[in-house]
Structure formats: C-alpha cells, structure tokens
C-alpha cells in the first residue's frame, strides 16, 4: 500500500482537511499558551472537552455542541475565577478533577444505553480523526479558520499584554478582556483538537509545536507562523504514517511526530541561559500591582 | 482607559529633539492638594507638585508610602480621593500616548524568548490590532519610518549590540536600557519610571542613571522617577517629592533632603549627612527611635 493511494479514500481527505485546520489553529493558540505559561490551562480545558462531549452524547445532542459549549463556558469561568484574565492554578486544579469525574458519570450514562455506545469514551479521549464525515470535516475546518482569524486579529495587543502587562495597561490595551478572549480561543481550540487527537492528547498539539517554535526563533511573529507551520506539517506526517501503518492509530503518530520534533529542537537548540520554555515563562517580569 | 485618536496612535513620533521644551505656562505634571486612598486607607494627602518641561523629578520616601501609587495616579490607572491632578494639560489617563512608562519589575524571566528589539517595537505599535503584514519594506513608508525610529531609540540608549538577543538572555542593565527604549520609542513628553535602578548592580545603576539624565537634558523629556536611593540620580535632579507618613514635601533636593524637613516628615529626629563624595546619607533617630516603617538607623536615603 502506497501513501499515494491515500487520497483515493474520502476518510483520508477529510482527515487531512480537518486536521490541517485544527493543527494550524492549535499552533497559533499554542504559541501564546506557551508564552503566557498557561499550558496547564490548555490541559484542563481538554478534560472539560471530554466531559462536555460525553454530556452531549448522554443527553442526545451532537458531540461537537457539547465540546464547544463546555470548553468555551469553562474558559470564561476559569478566566473569571483567576485574576486579571489569567487563569489561576488553584482555580483550575480544584475544578477540573471534579469535571473529569463528571465525564466518567456521563460516559456510564451513555454507554449503558446501548452496546454500540461502548467505544464513545475511547474516541472522545483519544480522537478518531479517520472517522470524520465530509460534513464534520467541513465544520471543523471552518471553526479552525475562525480561530486562526481571531488569533491574527488579537495577535499584536495580546503579545504586548502577555509580555508586558503593566505597560500595556498604561497604553490602553484592554489586558483583561484580551486574556479572557484568549482563554475562549484556547477552549475552542481544545474542542477542535479533541475531534482530531482526543481530549487527553489535545495538549500535545497545543504545546509541542509551539514549544519548538519558541526555541527556534526569538522573533515573535516568525515563531507564531512557525508554530502553526510545524503543527500542520506534524499533522500531515502523522496522518501519512498512520495510513501507511494502519496498526498505529493517527493520534499516536501525530503526537509521536510532534514530540519527536520538539525533543529534536530541544537537543539541537540550546538557549544560552535559562531553562526550557515550558516553565512559567513571563509571570516573573510582571509585578503585581498595586504593590507598594 | 484612554481611547487615543486613530491618527495619534498610528503616527510615528517626531524626532524626540524637536519636541523640545514646551513654551510657557502649564507644567507637565501638576498636583494640587492631591490625596489618594487605596483599600480604604489614605496613603498620602495634600501633595503639591509642579513638574516643568524637561525637568528631572525624583519621588522619594520609605517603602509602602505610596510612591508607585503616585505614578499610577499620574497615569490615570488609580483615581485621586481629593485635589486636582493635571498631566500634560489634561486629566490623567487622557494623554497616555504622550507618556512613556517603565513599571517596577523584577528581572525578566530568563526563558523569555522574544528579542529586545521586538519588545521595543511593542512600545510603538503594540496596541494596534492585527499582525504586521510580511510585506517588503519598500512598499510601506510607515514601516520604514517605524524601523528607523526603533533603530534610533535603541542607539540612543546604547543597546544596539544586544537588541537582537532574546530579552531573557540580556543582563539586568541591558534589559533596563531596552525597556527605557520601549518607553521612549513614541517620543513621549513625559517619562514615568518606577524604581528603574532597583534591580541593577551598582556599576549599572550609574550608567542607566546617566542615560536618564542625558535623555532629560538632551531630549527635553520630563522625567518623574520613583527612587529607592537618590544618590545615583542626584547630579541630574531638578526637583524632589519626598513622601512620608507625616506628609509630603516638594522642591529642589537641597531644600527637601535636609535634617529639618525629613525630621518633620518622619515625625522623628532624622539627620542628613553629606559624605565626602557628595552623597547623601540619612541617619534615623538620635536616641534609638526609628523613623517608622521598619527603618534602620543607618541607611542611604530610601
């Protein structure tokens, strides 16, 4: 079986279209997620996506409705609980374990309805990108395009607010509103990525390409584009690998490629001083105000 | 939050030297009987201050007395409880695009992988929506002007050698110079600095202080600077605002930093000594009494 026969199968074309869009959105959002040291928030929203998706299935609604509604609502909640539009570790930690438990409850509720429903939990957790229909792929692609457009619109003030909150505030940048809008984008992105690689693994798509891009260039807009480009390339490579070796699930191959690229970057590019980028990147330079 | 007119936000500022000294009349910053309350507590009241164009003013006083708060009041981030505040002839917060601001900060995280020049650029257009389009420079006069202005201001602060390095990899003094460049890039008439020398070691303190003095003198930018130690900036100071528990005093440094004035402000005997090299040393309490607020007996003016 050759990779070139892949395009004869509609499921592969759908996966490639939806996957490209989802990866691009995850790469763009991921760049800011790493910059703002909010990777953990992305993880929490992945768990929320799991619960939202299964809640929708349990109550007989479309899976995607549950994914997006849950992640966007919780993104707003996390932003509101945390201070100044940045999410707070304690706020996330105390909520998201409970959310995951709730997901287990909805999973039981749904899977006891019928034998065919037994695999729903697995496909939400680990993704089923080769199972997307033409309609699902189209919606995923459109949603991804909307996320990308929103990131492009917010990019410059969001960068300013992420790097230098106090000065941005003084310059009239709506720092808090931007933080909240960004969390909503992270939520939407987690819902999107769940359809591709599953809610548990969506974090990899958000963090790995962005982490590599941060290491590869210190020019913010180059890094932003590179992060999206890497994510899309890793998605293509992962889909191709999984097609060529059907025993390997696409979620595994996509994230294996993404992680390999990140590790290769980590080994070859060494920041001259300091640690890797996934640490609490920028918080250290933002003074809590009013601090007298 | 100030809505800055579109034209003003997008224009590339004129050469800082052309803004020069503004003629006549109104001061750059003017506080009259101003008071501020934070969390139900009055931090300071009855503060009078007039900062003229091109003047260098230091805001001094013990920790917790509200020096940073004064900067936030001038920026329009915090409201006053009483009195009148005018900044560049307008209400605070209305002239944000004519003010450069350097907040108090600890060192930038070493892992911050963004170049100094990009951080400087944020001062110029960081508040605009969208992303800069990757068009070649020759198609955009505005982008060329922006590039030239950024290069000019980086040259002014002497940061050309390391402006293309990630900010997190620069030393504290280099970071401070780049952040001063960010505050200057729009050619402000007023520069507000909150303890810019605090995170620097002694050798860098002198260099950055000299840079600020030069910006003030040569570029005609009014500087209001919260300082922990007055000595590095003493040669450039026109005016001092000393805040303490017992009130506030403003005027030329040699009139404010005196045994009599500071003893009155602290409500306790305080002695100002002049060291052989001209540096000022404040010695608190002749009889084992402290100046309040956890002040030691022998310290530099803080």
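Backbone N, Cα and C atoms are what each Cβ position is placed from, and that goes for glycine too.
Nobody curates TrEMBL annotations by hand; they come from automatic prediction.
Per TrEMBL, the stretch carrying the note transmembrane segment among A:139-160, A:227-248 is A:139-160. Long-range Cβ contacts of the transmembrane segment (A:40-59) within its own chain (Cβ-Cβ under 8 Å, at least 6 residues beyond either end) map to 30, 33, 65-71, 74-75, 78, 87, 89, 92, 95-96, 99-100, 102-103, 106-107, 109-110, 113, 117, 120-121, 124-125, 183, 186-187, 189-191, 193-194, 199-203, 206-207. Two recorded stretches are said to be in contact when at least 3 C-beta pairs lie under 8 angstroms, sequence spacing 6 or more; the transmembrane segment (A:139-160) and the transmembrane segment (A:90-109) fall short of this definition. Tertiary neighbourhood of the transmembrane segment (A:65-83): same-chain residues 41, 44-45, 48-49, 51-57, 91-92, 95, 99, 143, 179-180, 183-184, 186-188, 190-191, 194-195, selected by CB-CB distance under 8 Å and a gap of 6+ residues from either end.
Under 8 Å from some Cβ of the transmembrane segment (A:12-33) lie the Cβ atoms of residues 6, 39, 41-42, 129-130, 132-134, 136-138, 140-145, 147-148, 151-152, 158-159, 162, 182, 185-186, 189, 192-193, 195-196, 202, 205-207, 209-211, 213-214, 223-224, 227-232, 234-236, 239, 243, 250, 254, all in the same chain and six or more residues away from its ends.
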